[in-house]
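The compositional bias 'Low complexity' annotation in TrEMBL covers 1-12, 40-52, 59-71. Summarising the annotation, TrEMBL assigns compositional bias 'Polar residues' to 19-28. What TrEMBL lists as domain 'CTLH' is 119-178. The region 'Disordered' feature in TrEMBL is assigned to 1-82. Under the heading repeat 'WD', TrEMBL lists 298-339, 344-375, 556-588.
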Amino acid sequence: MQANGAGQGQNQELACLSAAQNGESSSTEEAHSNGLIPSNNNGNNVNNNNGAPSGGDPGAPASSAAAASGSEMGATLKKKKRLSQSEEDVIRLIGQHLHGLGLNQTVDLLMQESGCRLEHPAATKFRNHVMEGEWDKAENDLNELKSLMHSPNAIVRMKFLLLQQKYLEYLEDGKVLEALQVLRGELTPLKYNTDRIHLLSGYLMCSHAEDLRAKAEWEGKGTASRSKLLDKLQTYLPPSVMLPPRRLQTLLRQAVELQRDRCLYHNTKLDGSLDSVSLLIDHVCSRKQFPCYTQQILTEHCNEVWFCKFSNDGTKLATGSKDTTVIIWQVDTETHQLKLLKTLEGHAYGVSYLAWSPDDNYLIACGPDDCSELWLWNVQTGELRTKMSQSHEDSLTSVAWNPDGKRFVTGGQRGQFYQCDLDGNLLDSWEGVRVQCLWCLSDGKTVLASDTHQRIRGYNFEDLTDRNIVQEDHPIMSFTVSKNGRLALLNVATQGVHLWDLQDRVLVRKYQGVTQGFYTIHSCFGGHNEDFIASGSEDHKLYIWHKRSELPIAELTGHTRTVNCVSWNPQVPGMMASASDDGTVRIWGPAPFVDSQDFEGSCKAMGIHPAVLPDDALL
């Protein structure tokens, strides 16, 4: 019928239905009425009359039999017309899936009873000829399919794909002359994709089949390569003629992925196959699986803790304090507990910023605004490699490593920033820029710097050019960049946390809830695929947002003074660290198993969302 793309009239529908009622095939070319090759019913006659004799009572008058037959046909047609387009689509999707499982008799019965057709008979012939390698017949089938296609020009592309498979199979069989004839007499006259034809001609020089398969990136003659070919060919056919391959699985996979994307607490990498999930329930991640709970409190610093940063491999945490020390902590990979590894001393002004080298072998420490010195430590030995100071009038308060790990840039608010090697030797400098924060992009050339003009500019040390990228209306206290270099997360004075797209140079989102005055607070990206954002706040809390949502999904309490910095472990999505003026560093992780699930369930039952509850209440 027209709804499923057959393009047949009502008379043909009646004929099809009548044939189905009598257990006969309604199509030519030995195809079943559902468009598939008829299956063996093991001698059992399956009809549409629920076990009643299809011919009625032999002694009944012919007129009565005809009336009964007409009544049945009318009832069947009426039942068929009640199916909506979406219902027919679902039946076809189920039929395709069952056919893929080899349940062909079930498919036959489903199509007969519903009055639907899985695919057009011409498409079935085409499929069979392709899978059997009957290339001349498959090419002739294209002429029949041409009238059913939205774009007749696609026939040339489909023919090219058929002939390409034919050519490669001839080559694999050692039939070089036949392959050459296909190349010269069939592929070349198409005048399509000449670059590909030149590449195909080079395969004539392959010495053996393995060489051919490797160079052509082809599975070889057989079911695997022909199935892939059929998948490509199906993209040119309307779904009313032939369903896209594995369409039901595709829709189910998309639904699962959409549920994961909409899950605010989804923070794990899961297998992409449908076998790893249940289709019977919705995907839901509980808050107790999220790093919202204090796992450990580090109290070794004896003054305000201004900064914290996990190493790139996630095995260490560095914390810097007003007490003039940097402490390196070791992360236990099994228990996720931290223990003190090294204490680096001698930072007279305190430590307000830390940066790990790309290989985690070195750590650079910077001080507050009035500090003109920078310390470069060897993390493995605990020895100071370089203590750098260009001038006593300098302010070296920020630093960023070049991706090559051999250079870094540093600067402050006194009007310049520098590019140096590991020994502190000056390689380049940029004058007249009062730097608040720095970042090196992955191209190894561009340095991003926020300055006192409430902007972020890109500076290229190779061609000595600079350009404006971000412009805010208030001072940018700090910023960080996502791993792919596309997004920047800004802490803006009196405004809070802003997300910018560096490529399009647009403000993407303003996150709500955080209290940001003129203190320097460092936020971060984190979690699986960097889907989350975390920031400290002057109200003593730690806020977490899903990257696409302006409202926080968690407000974590426990600190008693301003939370200056948050760092998310890049290798352990369920671990965060926060540094505070209260002199402590808190390590956050999933909830302990005891009673947390029951408590959360009772909260939801009472209409209380656990995200608004303090951490201590859940513990």
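For all residues, glycine too, the Cβ spot is worked out from N, Cα and C.
Automatic prediction, not curation, is the source of TrEMBL annotations.
Just so it is clear, the model here is predicted, and its values are computed rather than measured.
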Count the residues of the domain 'CTLH' (119-178) that DSSP assigns to helix (H, G, I), to strand (E, B) and to coil, and report the three numbers in that order.
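Secondary-structure breakdown of the domain 'CTLH' (119-178): 45 helix, 0 strand, 15 coil.
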Which numbers of helix, strand and coil residues does DSSP report for the repeat 'WD' (298-339)?
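Tallying H, G and I as helix, E and B as strand, the rest coil: 0 helix, 21 strand, 21 coil.
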For a three-state summary based on DSSP, what are the helix, strand and coil counts in the repeat 'WD' (556-588)?
0 helix, 16 strand, 17 coil
